[in-house]
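The structure appears right after this line, and notes come after that.
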Amino acid sequence: MAIKSYATQAELLLRNYMHADSYALCTSIIGSICACKMVYDLSQVISAAYLKSYSRLSKLKKIEWNNRAISTFHAIFITTMSLYFVFWSDLYSDDHFAPAITLRHSKLSTFALGVSIGYFLSDLGMIIWLYPSLGGLEYVAHHLLSMLSVIYAMVTGEGQIYTYMVLISEATTPSINLRWYLDAAGMKTSRAYLINGVVMFLAWVVARILLFLYLFHHIWVHYDKVMQMQTFGHCLVLGVPSVLTVLNSVWFWKILMGLKKTLAKRH
């Protein structure tokens, strides 16, 4: 009974908070940035205390190690929220005819986008601060395009369904980060590294290749609804996924070649 009571109170608190509109948007972004800092610090403390391989890393590698903990945390959160909104929630169901599917949003969907913006701001700041150690121009372009789309969807409420479809691609991030962790820990020849490579390849095919094909098909079917958005909005819906598809294809080729090289070494 006590647990149920606490859950009910937490639900009421969240509902009251979400009714604050602009305050909810601002605090979701600020709270996300603070959460990123907390995850960074926790990763630093826990890794130093329990992982011997962490202490042998250079200062720059330690920064990247902790920064990848943040991206993993964000990936798990936003992938869960995106899958819920796109496939399980009735918010974007075709059974609802008004308003148009491209104009639908809720306080919770807008709040989740604010959390994602906070992460992208934090990660982009780290990339620029340590450029190009944490990523080159393609990573900067990826983050800027993602932020532009997410901010537009959050502020206007338009095109949130396609924003969440694109954000599902974050499902590949945990396996990518695990690959880097295993490499940094000197486990590049281990079975875990090989298995993770296969998982990363499959996740990429599903979340960044097949899903984007589904996204473009969805846009085609609901093109009349897309045209109900503002001009800048439907330009984003058509342009951003196209650019990200090119980037995803380039990265997919690199992953494929890396997996092929790893398998060749195992044989």
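The chain as shown is numbered from 1 upward.
Cβ coordinates come from backbone N, Cα and C, glycine included.
Taken from TrEMBL, the feature domain 'TLC' covers 60-264. If you look up TrEMBL, you'll see 69-88, 108-130, 137-155, 161-182, 194-216, 236-256 marked as transmembrane segment.
Residues 18, 24-26, 28-33, 35-37, 60, 63, 67, 70-71, 74, 77-78, 81, 85, 91, 139-140, 143-144, 146-147, 150-151, 153-154, 157, 160, 163-164, 167 of the same chain, all 6+ positions outside the transmembrane segment (108-130), place their C-beta atoms under 8 angstroms from a C-beta of that stretch. Tertiary neighbourhood of the transmembrane segment (137-155): same-chain residues 25, 105, 110, 113-114, 116-117, 120-121, 123-124, 127-128, 131, 163, 166-167, 232-233, 236, 240, 243-244, 247, 250, selected by CB-CB distance under 8 Å and a gap of 6+ residues from either end.
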